[in-house]
Amino acid sequence: NSVHPCCDPVICEPREGEHCISGPCCENCYFLNSGTICKRARGDGNQDYCTGITPDCPRNRYNV
């Protein structure tokens, strides 16, 4: 059973000083910069971008 390198094995949360364990906006235990494309446009012309404060990829608010 291997432990994720970003995960504190005792509490299974990001290690001290690190931001995240996984997610489309998490790389090497840190949030990707705000404005990094996390989901390319698929026909609607709108891409989704990382916020720089969460490992999730929020839906572009202009997508309807």
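Cβ coordinates come from backbone N, Cα and C, glycine included.
Here Swiss-Prot flags CYS6-CYS29 (among others) as disulfide bond. In sequence order, PRO5, CYS6, PRO14, ARG15, GLU18, HIS19, CYS20, ILE21 are the residues of the chain that are 6 or more apart from CYS29 (disulfide bond) and have a CB within less than 8 Å of its CB.
Secondary structure from DSSP puts CYS20 (disulfide bond) in coil. Positions annotated as disulfide bond by Swiss-Prot, on the basis of a curator's inference: CYS20-CYS26 (among others).
Feature annotation from Swiss-Prot assigns disulfide bond to CYS25-CYS50 (among others). Note: CYS50 (disulfide bond) has non-local neighbours PRO24, CYS25, PHE31, LEU32, ASN33, SER34, GLY35, THR36, ILE37, CYS38, CYS57, i.e. same-chain residues 6+ apart with C-beta under 8 A of its own C-beta.
Per Swiss-Prot, the feature disulfide bond maps to CYS38-CYS57 (among others); the stated evidence is a curator's inference. For CYS38 (disulfide bond), the number of other Cβ atoms no farther than 10 Å from its own Cβ, over all displayed protein chains, is 19. Under the DSSP three-state reduction, CYS38 (disulfide bond) is assigned to strand.
Positions annotated as domain 'Disintegrin' by Swiss-Prot, on the basis of sequence analysis: 1-64. As a summary of secondary structure, the domain 'Disintegrin' (1-64) carries 0 helix, 11 strand, 53 coil according to DSSP.
CYS57 (disulfide bond) counts 19 other C-beta atoms within 10 Å of its own C-beta, drawing on all protein chains shown.
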